[in-house]
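> What Swiss-Prot records for this protein is below:
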BINDING   THR49, CYS50, ASN51, ARG52, SER110, GLU115, HIS116, GLN117, GLN121  substrate binding site
ACT_SITE  CYS50  active site, nucleophile
SITE      HIS100  site 'Important for activity'
BINDING   GLY190, SER191, GLY192, THR193, ILE194, ASN195  NADP(+) binding site
Amino acid sequence: MKLLVFGISYKTAPISLRERVIFSPENINIALNNLLKKSDILGGVILSTCNRTEVYLSIKNFYKAKKIIILWLYKFFNDLKIKEIKNNFYSYIDNYAVSHLMRVTSGLDSMILGEHQILSQVKSAFFRSLKNKNISIDLQKLFESAFSVAKKIRSETKIGSYSISIPYIICVLLKKIFISFTEIKVMLIGSGTINELIAKQLFKYKIKDLFISNRTIDHAKNLAIKVNGCVVEFNEIFKNLNKMQVIITSTYSRKLIITYKIIKSIIEKNKNKKIIFIDISIPRNIDKKIKKITGVHLYTLEDLKDLITNNLEKRKNAATLAENIIKKESIKFMSHIKGYYSSEIIKKYRFQINKLKKIYEKKALLELKLGNNPENIIKKLTYKLTNRLVHKPTKLLYNTSCSKNNKDLYDLYNKLKIDL
């Protein structure tokens with residue numbers, strides 16, 4: 001048996017092609033069952049996400065299996081051409097397949113280096129195949145090993161600790177400034193995707209008070225419900241600024257929302273007031289001149305980028321350590337699986353010999369019951385059993401002798417000979 005990965009990812013194909021090769025929850029089992037009808041395919045797992053579609057298989061022959069998979073994909077996805085499959089799909093066999101799965105589950109092959117969401121996606125794919133009895137023992141061992149390696153990498157390299165998402169970086173920044181999140185009030189201006197992610201991250205950190213403001217009041221209300229926040233009407237923003245410790249803006253406004261003049265006025269009325277402004281809008285929503293005001297600190301995307309770059313470097317260093325772990329673990333797995341196959345073959349061989357022994361033993365016991373001569377029975381038993389056991393080795397020796405290479409013949413003899 002061999003292990004094979006056949007797939008497509010963001011590295012090898014544009015989204016216009018990837019979106020045509022996505023298995024839905026409704027058709028994924030049907031697709032895999034169709035593939036497993038082929039005698040050369042012994043087991044399989046389909047992983048289908050927005051960034052990759054991969055088929056992990058246990059197979060008999062690489063070249064036959066590859067032809068089967070290409071034809072299977074072509075038939076299953078009506079608008080997919082054979083040429084597109086050959087030009088954009090990759091394949092990995094045995095130890096390369098093992099290393100690839102370990103890299104995928106550990107987030108090393110992800111668009112965002114080290115992201116952990118892929119691990120749960122791979123687990124879902126594995127358990128789906130396990131539930132439907134579509135998985136072979138070698139594939140099961142491979143996936144279980146990959147999950148163990150992913151856990152080891154996260155534990156030993158801390159690759160997941162160095163987040164590079166803006167919401168997380170903002171929280172890291174605020175943690176450096178404030179002792180506790182439970183004592184600060186934050187206002188988010190804008191309720192788009194990025195501010196929603198920031199709001200959810202702040203909610204996880206148990207922020208004391210979270211205020212949401214947006215030009216469309218319903219959008220602000222919807223987000224506030226999700227994070228247990230309060231709504232501030234857009235035209236009421238400036239009345240509430242003096243109550244806040246942190247203001248984060250992310251809107252599509254092409255004009256400045258927070259000006260130097262407004263903030264100067266607020267600070268003059270509230271002596272010793274300190275406010276943190278974080279502007280992640282493009283174009284910027286906050287006048288950069290407010291940095292000149294005592295007690296005011298402004299952070300923009302450029303400032304956050306430095307933190308992101310720093311964390312990305314840490315991730316890359318962690319990834320190097322992770323690659324070393326995978327190299328060792330993939331070798332260990334291949335050694336283990338080869339040992340497993342060997343032991344299974346040996347068990348099978350010994351079972352056959354034992355079965356043969358029982359057949360002749362049964363015949364001999366029957367003859368003894370009939371009162372036949374015991375000495376003749378034993379001679380007959382050993383003669384027949386010996387002939388059966390040495391038939392194939394003798395044939396092998398004869399065929400080797402016909403090759404006119406005496407060294408091969410003597411090497412084989414030395415391997416087959418019985419030590420007395």
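Note that the numbers count up from 1, one per residue, in the order the chain is shown.
Glycine residues also receive a Cβ, built from the backbone N, Cα and C atoms like all the rest.
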> Assuming the binding residues for substrate are exactly those in the record, THR49, CYS50, ASN51, ARG52, SER110, GLU115, HIS116, GLN117, GLN121, what is the maximum CA-CA distance in angstrom, rounded?
15
> Could you check the binding-site residues THR49, ASN51, SER110, GLN121, ASN195 and say which one's CB has the most other CB atoms within 10 Å?
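Output for this query is ASN195.
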> So for THR193 (NADP(+) binding site), how many other CB atoms are inside 10 Å of its CB?
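Taking every protein chain into account, the count is 9.
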> Do any residues at least six apart in sequence from GLY192 (NADP(+) binding site), in the same chain, have a Cβ closer than 8 Å to its Cβ, and if so which, in order?
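Sequence-distant Cβ neighbours: SER250, THR251, TYR252.
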> Taking DSSP as the reference, which of helix, strand or coil describes HIS116 (substrate binding site)?
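Assignment for HIS116 (substrate binding site) reads coil.
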> Given a 10 Å Cβ-Cβ cut-off, pick out the one of the recorded positions CYS50, ILE194 that has the most other Cβ atoms nearby.
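Of CYS50, ILE194, the one with the most crowded Cβ is ILE194.
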> Taking HIS100, HIS116 as the recorded positions to compare, which has the smallest set of other Cβ atoms within 10 Å?
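The recorded positions HIS100, HIS116 were compared, and HIS116 has the fewest Cβ atoms within 10 Å.
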> If you skip the near sequence neighbours and keep only those at least six away, which residues in the chain come within under 8 angstroms of SER191 (NADP(+) binding site), Cβ to Cβ?
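Those within reach of SER191 (NADP(+) binding site), by Cβ under 8 Å and sequence separation of 6 or more, are ILE212, ASN214, THR216, HIS219, ALA220, ASN222, LEU223.
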> At the Cα level, what's the spacing in Å between HIS100 (site 'Important for activity') and SER110 (substrate binding site), rounded?
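Taking the Cα atoms only, HIS100 (site 'Important for activity') lies 11 Å from SER110 (substrate binding site).
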